[in-house]
Structure formats: C-alpha cells, structure tokens
Amino acid sequence: MTSDVSGRAVVVNIPDNAVRTLTVEDIYDKDKYDLSKMEEGDVFKMLNATREGLTDEEVNERLLKFGHNRLEQKEKSRILQFLLFMWNPLSWVMEAAAIVAIAVSNGGGLPPDWEDFLGIVLLLLANSIIGFIEQQNAGNAVKTLMASLAPEAKVKRNGEWKVIAASGLVPGDVISIKLGDIVPADGRVIAAHGAVSMDQAALTGESLPVSKSVGDELFSGALCKQGEAEVIVTGTGEHSFMGVTVKLVHSAQNDMGHLQLILSKIGNFCIVGIVIFIVAEILVMYAGFRYNYRRGINNILVLLIGGIPIAMPTVLSVTLAIGAKQLSKHKAIVTHITAIEELAAVTILCSDKTGTLTLNKLVIDKSLVKKYSDTDNNQIIHYAAIASRMENQDAIDACITSTYGDMKKIREGIEELDFKPFNPTDKRTEITYRTINDGKLHRITKGMSHTILDLCTRDKTTEQIKQLNDDVDEFARRGLRALAVAIEDVPNGEIDCKGNGFKLIGLLPIFDPPREDTKETIDRALKLGVKVKMITGDQLAIAKETGRRLGMGDKMFLSRTLKDGPPIDSSYHDTEDLILHADGFAGVYPEHKYEIVERLQKMGHMIAMTGDGVNDAPALKKANVGIAVADASDAARSAADIVLLEPGLSVIIEAILGSRQIFQRMRNYAIYTCSVTIRILVGFSVLIFAFQFDFPSFMVLILAILNDGTIMTISKDRVEPSPYPNSWNLFEVFTYAIVYGIYLSVSTVAFFAVIIKTTFFQDKFGVQTFEYRPLTDPNPEWNDPILHSIIYLQVSTISQALIFVTRSRGFFFTERPSIILICAFIIAQLVATFIAVYANWGFTDIQGCGWSWAGIVWIWNIIWFFPLDLIKFALRAYFDPKHEQIVEEVLTSKPSTDAQRQRRQSITADNAVPDGPPSRSGTVSNAQSLQQQRRRSTISDLTAKYYAPVIDHLSTSQRRGFAGHASNKVEPTFVAAPNELRRFSIVQTQQVSAVLNAGGEGANNRMNAS
C-alpha cells in the first residue's frame, strides 16, 4: 500500500518474491512501485527482507542483479591516456621542433632534418611511455593507500551485526546509522533511537538539518547530525538518489589543482625564455650575420629542443605519489595527495587538547596529593581504590585503581557488604566492608570535595575547612580536578547503622596528562618553524596547566575574546594580534575553530587543523590541511586531507617532516630543470652571437635524453627536510635558476674562448689547435666537429652535476644522495664521455675528441663546479632571512611590532580583494600590480588545464566538501564528477583506537559537573 498526492491510501499489488521476478527497471519505476512512499510492511515484502537482515546467499544473488553500491567510473582509453601525455604546452614546443625539423628545415641543397625529427619523436615517445608507466604505478600506489580508508557500513547479515565495505550493500540490507556517519545508500528508517536529524544540504540544498522518524526516506550522502537509526536499504549505486542525479547532470566541477598551476607557471617561464631567445637569434643570425636559411633553422632547433623540461610533469607528479606512500608508513594517510605541498608550507598547527596533546585518560598526580590526617599518600589512594567499582568502571574509577596498581590487591583481606555507586544527586560513591582478620566494619566515601566536606563530622576544624578550600582553589587555578576521600568506622558492626563519623583524610588531584612524547614533539615543531596552538573546549585553567606542563606557554584566552577583543590587561594591539601570538584558546565551539582558521589565513599563514567530530568538519574543510585524528567520525574524515591511524601529535609532526622532504625533491628538480633551460638558452645563444658557433641540434637531444633519464630518479632521492615551512615561491626558484644558468653558461663560453683564443691547453697538454675556417667550408668559422664533441661533453657533465648542488642545503658532499641517483649520474656521464671520445657521426657534425680533451673537460668542469656551492650560499643569505622573519613572528608570544602589524594588515587587505586568491608569499602593492598578477594568473589558468592528464592519478577523490559547509550559502543542489563521487568515498579508517568508552565520557562529564 502507498499513498497518492492527496495522501489517500492506494493499494499496490506486489508480486510474490518481487525482488527476483521483477526487473531492476520495474522495481525502480516510481509509477509502479514507489519505495519511498510504501508502507513499511510493503517495503519489506517488495525487497523480500526482514529485520534480521539478509543471508549471504541472498546478498550474492542481489549483487549479481543490482550490482555493487558504487557509481561505476567509465575508464578512459589507455591509448588516449598515453596520447594525452603529448598534449600539454611543454610537449607542444617539442612537437613544434619536430615540425620544424621535418617541414621547415629545407634548403641549402640538404634534405629535411630526418635525424632530429626521429630523435624528437623518440624523445616524446620515451617520455610519454615512462610517464604512462609511472602514472600507472603511482595510480596503483594511490589505490593501495585508499584501500586502507575503505568506505564501510554497519549491516545486519544472518541475524548478526557486522561491518562491511559500503560497496557490498544491496537493496533489502538493514544498516545502522549513528552520529557522524554518512548514509552509504538510500533507505527507509525502520527504527529511531532518540531524535534523528540529517544534513542533506549537499544533496537537496536544504540549509538546515532535517528531522527524520520511522518511515522517512534517507538519501545516500546525507550526514547524521543527531541520534541513531536503523534503515532498510532501498537503493544502491546508480539506483540511488545520487546515482539517478548523476545520469541527469553531466556538468563537472573543474577543480584546478595547485600542482597544475605550478607546472603551468614553470612551463610558461621556460616557453617565454625560448621565445625571447629565438627572436633574438633570428635578428642576429639573419639580419646581423646574414646566415643562410638552413643554418639558422638548425640553431633555432637547439633552443626548441634544449630549452624544454619535457619530463617535468611526470617527475613532479610521481614524486608526490611516491611521497604519499612514504607518509603512510608514518600512519598518516593522505586522501588528497596534492595537499602534501600545503602541509610542507604549514606555519601554524591548531591542535585539539584531549587525545592529541594529552592521553585522554585521567590520572592522579601523586606529588600533589593533599593530606588532612596522618594517613600517607599511598594509603589515601588505596582507600579511594577500595571505594571504586572493580568492574564496568568509569574513567574516574579506572584512573584511581590503575594509579594504585594491582587490582587483585585492592580488596585483598576485605569483604564488600554494600556499595553505593555515583549518582548526580549524592555526587559520591560509598562502600561498606568488613576486614576479614578482625571482623570490623568500615566505610569509605569519595566524591566532590565540598560534598565530602559537608559529610565529615570527625576531627573537622575551621583550619581544615579553610585548608581544603585553599587546596581546591589551587587545583582549579592549575586546571586539576579535585576528588576528596573520607573514612569512618562502624563500631556496632551493623551495615545500616551509623558510624563514628566520617573523617576527611585527603584530596586527590586528577588530570588528563600530556602524552609522553608531546613535549618533545612540540619542541621539534618549534624547531621546524611550526607554532602549535591549543584549541580546546575545556576550561581555561585546564588549558593553561596543560600548556605549562608541555612547555608551549600559558598565554591562552577564552573564545569570547574573538568577539570582545584582547583583555584590557593584555599588551596585544588588536584581535588579529592576539589570535596570531596566543598559545591557545579554551571554551571553544566549532564556529570558533572556523573563525580562528579563517583569520589566520587572512594574515597569510598556512594552517593545519585537527578534528574528530561532526562539527569539526567545517574547520577541517576551511584549513589548508585538515587532519582527522585517529578516532575521528566519518564526517571529520570525509572533510580532511589527512587521516591519522595513530593518536598523538608526533604522527602529525612526522607527516610535516615527510611532506617537507617530498617538497624539497620537487623544488630541487624545479630549480635544476629551469637552470638547465637558462644555460641552454643563454650559453648557445652567446656562442652564436660572439663566435658564430653552431652547436648540433641532435646533440641537444642526446643531452635531453641523458638528463631526463638521470633526473627521474630524484623522486626517490634522500633529502634533508627544510628547517622552516616551504611553499612554492617561484620568484625564488626562478632567481636560483637564472643565477645558476648564467654561471654555467659563462663556464661554457669561457671554456670555448680559452680553446680558440689562446694556446693554453695546446701548450700545457699538447692537444690540437682549432683554426677559423672560411664560409665556403662545410663546417665554416669555428664549427669543427671535434670542437662540437668537446663542447657537448662540457655542457653535459657540469649540467648534470648541478643536481648535487640544488639537492643540498650545505656543501654538496655533506648530504649523501640516494644510490639510484648516483648510479644514474655515473652511467649518464660514462655514456656522454664515450660519445664525445669515440663518436664519429657525420650526420650531426661531431667527431671523437680523444681522451686528452675529455680529461681537460672534466678538470675544467670540476674547477667550475665547486663555486656553485658558494653561489647557493649567497642566494640563501638573501632568501633565508625572509623565511626566518616570518617564522620568528609566528613563534613568539610577544605582541607584533608596528612593522609586523603593517605587513600583516597589507596581507589581510590583499586577501580581501574580491576574486583575488589569497597571497601566500607577499603583498600586492598597488592596483596596477594586482591587475598584472591577475593577468598572469589568467594565462597560467588557461595553460594549467592541459597538465591535468599527467596528474590525474593523484586525485584520490574530489576536493573535500560535502561533509560540512563553511558558510551559510547554499551550494548547488548537485555537482557530478567524472570519477566516483566524494560521497561514496566515505573516508573511514579501519584502525581506530577509542581511548575512552561511553562510561568514561560520562565520568568526565561528572567531573566537569563537580
């Protein structure tokens, strides 16, 4: 039976065993059978299901009929994927070079340049093949990582509850949904425990959570905000609300990845450089030197081939994928791999206190136990342990008994006669027991300090009352909870009779202690230039005491200061100044976390935020790097970039260190490849301008092949992490590249000049002399085939050696590279040397130079190599203070100086410009420069999309988003993506360790009440 629009009951004829006899199309034809409106009994009949769930046999049968609970992704053609590696701006330049070689290189009585054409095509194919293979390997690595974050659901099968992969759900399954869960399939509520509400904003546009009761329909992707429910699954996969919508909506969100933009900007830098020098060469060669057409084209090919870092997209993307796998070894699973870049740039880590900085386990500080009698500290704890439950303990009882030690010895020699557990009215526990050796009766009570004090009548004095009050106040100031203990004897031996009066014997300080490694970890974070801020919902006094114990400072404030501004007695200038320099905030609600993150970001800082609950999702989404801790809810994990498999802050710091190593590999390569581009463009152009020396274009191909083969090993190189946060400061990268490139060009030009303008090498080593040849010669001017070989070897060896300078922060020999990089370098240099010494390739105008000239080249390059470290140190002396300045400002708790506040205000104003992306590295000084920046960004955006095929394998899921919303703005009803949607990628870690059980949490609430 169902109902029509007017609400009248309509009889539905459901055939017997409908789930078998009807087709899938008929079952989901709403005109025939509307599962969303049927009576509950009809739903069970339609799906041939019961409240005890399905059997394994039924599940297997339905999987064959309905398919798995996922949206099947249409796989791209592997051939198309391969070809797309040759469809990006860098490849276009190489393809243009191939066209020039085969179609434009004509004239002079010579055939087209088939050698260069074939060489370029082979280089493109080789790069595409290597990139495609690496993409597949990296993609498999990503899938392996995501397998440890499998979507799961709690389902009733064969009458028993079990947790399975959400993709295994079928219509008719009975599933359980609790607070923080994301509904894995469409269904109808068949049982509700408490008030149930669902956040469906990402699906239906409803901005407020919707209450659900028995009989109501749930949509896959909805977030449980309150209560628990049992649901019968009615629609899975493409037959769910989400699946049907995907069929109707074909638009996809184009989320431009940050790595794509970086690739685009570096590629554009190289392309612009090539264009500038090609124009300069055309003017000089044809207008100035009156080169013939064919000779000039060959020189243009040199710049086209040698100036393009064709392997860059593959190297950077594979480095990230391999790095993500390395991070997983530190129990940090990256759900959005390009977030590794942002983790390396984090300057402030906003961390929760309970469970991350602390153990989330109550303990007694024995050194602070207060005595009010001659009973010693250990005996006071023993009495408190006797007055605790031995089974089904809450957090306080567990704390006391574990502090005492051996559970078996706590009640050794006594007999329990009566036990009164804690209740909110009495706010204490009490035990009456008999000692076996003498048969006497005794009572012990423990609980809220003033409740126990009011109960005490024996040996109670004014001084004792004052002392207790002072001790309780001291504990409160230090963030410690107080638990009083009192004892009395029962002389007449009757359980129900009064005793001789309770006597106060002690006050126990209870607190949640820091983790053993937290203080050391915070010290490591500070050395890495990362400020750790405590963001906790706990009391201010507790936050301050925890901060003191951890050495992270006690300049903490209540969340109301975010609205009211700095306290009158503080020295902070404004709220931004307080937020930046405070050690933490207490009494924080989820909206405060979001506000803290947002304000810090507007000041130009990269923020990491930890969270575990449903309401943390907006802040995790807002942060540059959202981190879901080990026991986080589904919603928090879904909104996070990184999911931790182990509790504690040390896991996060290890992840930061790992991300910085990964970033260093990418940065080292970027500097190296841009430097080589500059040295090719400048070096060979100057040789033409000054000496009319034409380097063979085919030899540049050999250079590119050997360079690419060597440099691809950098993704597995051993590197030291940076001592301060890293980000893509491309001005710095390009500055290093230009300086290195010009220096290497000078080494080549100087070497060439010494060879042809002096007799130094001839006099010292007895090698041959090169003479200027007339223009009628097949190799006119200084274009001797042997000289070509010599210059080839000089360029090849010192260019590849540059990687050892760019990969290290100190002298190149102080940081050992990986074995694979060393081996690749040695092999490449041996190949280059043997080519230079022995190759006699007439088609490319080179002739073996012999071992004497090879030895001279190596000695020359070694001499010129060592100053590269000094150049690096000089550049670091310019750039490092800027990094250190930012770090020092973040780490100090002192108010900002006027200069720092002005710089921060400038950054905040810059980030507030409409449609302008937040600036991470600097400020925009005026409207004109802002327009120029936007123009450059537009060009980068246009070219960035063409790098997508190279880094598609890094996308584990769509960008974080639907688990929580950062603003009140209602997002579009639905946005479909070409890959499996985020809502079916419910990030659910299997290795979750719950530190406190439900009883323990209740005990904590009890202590808060006291």
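Glycine too: its Cβ is placed from the backbone N, Cα and C atoms.
Record features (TrEMBL):
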DOMAIN    34-106  domain 'Cation-transporting P-type ATPase N-terminal'
TRANSMEM  79-105  transmembrane segment
TRANSMEM  117-133  transmembrane segment
TRANSMEM  266-288  transmembrane segment
TRANSMEM  300-322  transmembrane segment
TRANSMEM  669-691  transmembrane segment
TRANSMEM  734-756  transmembrane segment
TRANSMEM  818-839  transmembrane segment
TRANSMEM  851-875  transmembrane segment
COMPBIAS  894-909  compositional bias 'Polar residues'
REGION    894-937  region 'Disordered'
COMPBIAS  920-932  compositional bias 'Polar residues'
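Away from its own ends, the transmembrane segment (300-322) comes close to residues 85, 88, 90-91, 93-94, 96-97, 100-101, 105, 113, 116, 120, 123-124, 127, 130-131, 134-135, 137-139, 141-142, 259, 262-263, 266-267, 270-271, 273-274, 277-278, 281-282, 337-338, 340-341, 662, 665-666, 669-670, 673-674, 676-677, 680-681, 684-685, 695-697, 700-701, 703-704, 708, 711-712, 714-716, 947, 950-951, 953-954 of its chain (Cβ-Cβ under 8 Å, at least six residues beyond either end). The DSSP breakdown of the domain 'Cation-transporting P-type ATPase N-terminal' (34-106), given as helix, strand and coil counts, is 41 helix, 1 strand, 31 coil. Counting Cβ pairs closer than 8 Å and at least 6 residues apart in sequence, the transmembrane segment (818-839) and the transmembrane segment (734-756) reach fewer than three and form no contact. Within the chain carrying the transmembrane segment (669-691), a Cβ under 8 angstroms from the stretch's Cβ atoms is held by residues 262, 266, 269-270, 273-274, 277, 280-281, 284-285, 299, 302-303, 306-309, 311-312, 315-316, 319, 700, 707, 711, 714, 733-734, 736-738, 740-742, 744-745, 748-749, 752-753, 756, 781-782, 791, 795, 799, 802-803, 806, all 6 or more beyond its ends. Residues of the same chain lying 6 or more positions beyond the ends of the transmembrane segment (734-756) and with a Cβ under 8 Å from any Cβ of it are 269, 670-671, 674-679, 681-683, 686-687, 690-691, 693, 770, 772, 782, 787, 790-791, 794-795, 798-799, 802, 805-806, 857, 860-861, 864, 867-868, 871-872, 875, 879. Looking just at the domain 'Cation-transporting P-type ATPase N-terminal' (34-106), the mean pLDDT is 83.
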